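Working notes, beginning with the structure itself.
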Number of protein chains: 2
Amino acid sequence: MMRNCLVAQSGGPTVAINSSLAGVIQGAIDSKKFDKVYGSLNGVQGLLNGCLMDLTEKVEQVPMFIELLKKSPSMYLGSCRYQLPDYTEDDAPYAYIFNKFETYEIDAFFYIGGNDSMDTVDKLNTYAKAVGKDVKIVGIPKTIDNDLCITDHTPGYGSAAKYVASTLLEIGHDTSIYPINSVTIVEIMGRDAGWLTGASVLARNKYNHAPHLIYLPEVAFDEAQFIEDVREAIKKYNNVVIAVSEGIKNAEGKYISATSAVEDTFGHSQLSGTGKCLEYIIKQNLQVKVRSVEINILQRCAAHMSSITDIGEAFRLGRHAVETALEGKSGVMVTAIRKANEPYSVKMGDTDVKNVAGLVKHVPREWINERGNDVTQDFVDYAYPLILGEPVVKYERGIPDYLDVSHLYPNN
Amino acid sequence: MMRNCLVAQSGGPTVAINSSLAGVIQGAIDSKKFDKVYGSLNGVQGLLNGCLMDLTEKVEQVPMFIELLKKSPSMYLGSCRYQLPDYTEDDAPYAYIFNKFETYEIDAFFYIGGNDSMDTVDKLNTYAKAVGKDVKIVGIPKTIDNDLCITDHTPGYGSAAKYVASTLLEIGHDTSIYPINSVTIVEIMGRDAGWLTGASVLARNKYNHAPHLIYLPEVAFDEAQFIEDVREAIKKYNNVVIAVSEGIKNAEGKYISATSAVEDTFGHSQLSGTGKCLEYIIKQNLQVKVRSVEINILQRCAAHMSSITDIGEAFRLGRHAVETALEGKSGVMVTAIRKANEPYSVKMGDTDVKNVAGLVKHVPREWINERGNDVTQDFVDYAYPLILGEPVVKYERGIPDYLDVSHLYPNN
């Protein structure tokens, strides 16, 4: 008798996480080993609340479902912030979840997420082993931050990197129009690791030198040196563009954004963004026009500008997760292993999820220049293949034609 | 003997202003009435500094120059903030400019810009008439703000509107993932007129209701009503997305952004953005997760997401400006006149530049709902045709392949 599998998404959105979901669905169907693929809405919460969706039915009913899903932004199944307790202290949610697994005849559970989600994979697998349940629990990586260990890179990163690089090129054009001195600071996501900010280097081409300075969280930020860097860059380039990670910290390990809280008119302290902080520093120290731009959530939801390399690999990882579960593995995360750069190729593998859960992969110090205000050619060689290729985005009435997510809006 | 023409760009960037430049160049070449098309770098400043570029030579030397120019963002000839004095008080710059016109044998000068630039067109034309110089001075509209009078719309608006609508759709997807209450405020450009913010309505489709609230500068902003609006919207939609013009003002006509200056740690007052102000208002009055996103300069430089309707009309207006000058007209701005909506069509015309210079066209009050928190179907019918169609953007090494603008970076 055929049994079923279950998939859920967790953490923050990327434009590739739905492609991994599509890969799981297609992989499960093609394997002919599962009757149904269920999706749990809002991560593991869907299991706890009984909100499951029959995805095999969607494939049959919605024309081009898999193709649309691959190219749609954000998270088709929604997300959650739920963290499982330690099962030795409180096993009630575990008993509930595995009871649901039995109700729905689930043989394999695929969880697409970042390092917190891999912790959930680890906990569920540990519990299953402890109580003798044979449900395979497999993690699939995703995060625009690219900070998961073992895997060469994470789905979602290549597309966000392409968006950041293209946007920085466009900002380079935008800032070039006045023959005056100016500074434009662009704040890019990344609390702990500078992978995405570093990708701004890919905006440079034969005429565009922006961003002229790049600051990552991996190097302690020094205000005096920063002012000197900007002063030098203005002399050389007139209109200076700076890419900075939201997560840069000073030598004491304190976030720069936390060091310059501003007070609103009501006297409440408000944390201003990192870009704003650097804007204030320049205003106070240099006589130059300055502005800051925070790319904000656009960098993680701009599916109209995704990398086909990224979308393709996210799909392959989803399929590979199904194969991995069918090989009998559990408590693992599937990984991308880079085989070569020219021509670029990857193969898929897996690793014990304990090698990933709760850990952060930083940009190697040697991929950042000595002064800590730029990345090196090694970084470029690493990131460049990941942004290549543009999927054809279909437009409907002038805006991108994405997959209907009205099931996430219960009140509408 | 063939003489020459001159073209310059002024004001802020749009993604269509280079297409109008391309239209002028192609129109002048096709007319066979001009020997050379010169471009003045950094607006009229190029004339004063002797920085002219031979654009006919570029067409001959750079493969696909016109095609690349049509799709490249920002301003190929750069911009300026120079304002001409009243010639009756100081005619020195006029004498200098018309002297340069003679040196370069200029018969027609095309100035692409917004309402300030049309003031320059008016001044140059008035001076020419007063001193008996036969140089035709013709304005070509551009601004993402769409606030020029007489013309049905302005080149640059349709592309920015498409970017805003698509981005709001993507933000709608992004905010849908958590089954909690949240508010996301999106601040959109437009100090005086709400055309661009209103275009966010085009993000709505059969499943996406975002933005749920829209606030334009044309209606006085009332804080108490705003809080009530948000409270109601949260009940209905859970995750609420708000589109707001940077230029909304209170009943006293004061910018909202100016009413809530914040103090930095040094005690200096800093103007925070309109979106941030609304974020504070919600934080102080409602128990809900809230964040603000400022689309900032991305909405005027994202040439990777332009409207082919807009790019095409910008080109036609450039060509039409050449024809207008050749008909002997001067002191006029070329205009787009809408003939029909279904199927959408425009014809090109012109108007005395005095009808445009220094004036602002607002969104009609009847195109905004009574409560002032949304736009009507009339607005949708007006804006919708302008965002239609996607040009093929060529990518090179993973980022858009735009035209080299290194002539704007003299130090690089």
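Using the three backbone atoms N, Cα and C, a Cβ is placed for every residue, glycine included.
Model, not experiment: these values are computed from the prediction.
According to TrEMBL, the feature domain 'Phosphofructokinase' maps to B:5-324. Mean predicted confidence for the domain 'Phosphofructokinase' (B:5-324): the pLDDT average there is 94.
Neighbour density for B:Gly12 (diphosphate binding site): within 10 A of its CB lie 21 other CB atoms from the protein chains shown. Per TrEMBL, diphosphate binding site is recorded for B:Gly12.
Mapped onto three states, the DSSP output places B:Asn115 (Mg(2+) binding site) in helix. The annotation Mg(2+) binding site is assigned in TrEMBL to B:Asn115.
If you take the C-beta of B:Asp116 (site 'Important for catalytic activity and substrate specificity') and look for same-chain residues 6 or more apart in sequence within under 8 angstroms, you find B:Ser10, B:Gly11, B:Gln83, B:Gly358. Taken from TrEMBL, the feature site 'Important for catalytic activity and substrate specificity' applies to B:Asp116.
TrEMBL lists B:Lys142 with the feature site 'Important for catalytic activity'. In the three-state DSSP scheme, B:Lys142 (site 'Important for catalytic activity') is classed as coil. Around B:Lys142 (site 'Important for catalytic activity'), the same-chain residues at least 6 positions away in sequence with a Cβ under 8 Å from its Cβ are B:Gln9, B:Gly11, B:Thr14, B:Ala16, B:Ile17, B:Ser20, B:Ile112, B:Gly113, B:Gly114, B:Thr154, B:Pro155, B:Gly156, B:Ala314.
The number of other Cβ atoms within 10 Å of the Cβ belonging to B:Asp145 (substrate binding site), over all protein chains shown, comes to 28. The substrate binding site feature in TrEMBL is assigned to B:Thr143, B:Ile144, B:Asp145, B:Met189, B:Gly190, B:Arg191, B:Glu246.
Residues annotated as active site, proton acceptor in TrEMBL: B:Asp145.
Of the listed binding-site residues, namely B:Asn115, B:Thr143, the sparsest Cβ surroundings within 10 Å are found at B:Asn115.
Pairwise Cα distances among B:Thr143, B:Ile144, B:Asp145, B:Met189, B:Gly190, B:Arg191, B:Glu246, which the record gives as the binders of substrate, peak at 16 Å. Annotation: no binding-site residues among B:Asn115, B:Met189, B:Gly190, B:Arg191, B:Glu246 have CA atoms within 10 angstroms of the CA of B:Gly12 (diphosphate binding site). Those same-chain residues not listed among B:Thr143, B:Ile144, B:Asp145, B:Met189, B:Gly190, B:Arg191, B:Glu246 yet with C-beta within 8 angstroms of the centroid of the substrate site C-beta atoms are B:Asp147, B:Ile188, B:Asp192, B:Ala193, B:Trp195, B:Leu196, B:Ser245, B:Gly247. B:Arg191 (substrate binding site) and B:Asn115 (Mg(2+) binding site) have their C-alpha atoms 14 Å apart, to the nearest angstrom. Note on B:Arg191 (substrate binding site): other Cβ atoms within 10 Å of its Cβ, all shown chains, come to 15. Each of the binding-site residues B:Ile144, B:Met189 was scored by the number of other CB atoms within 10 A of its CB, and the lowest score belongs to B:Met189.
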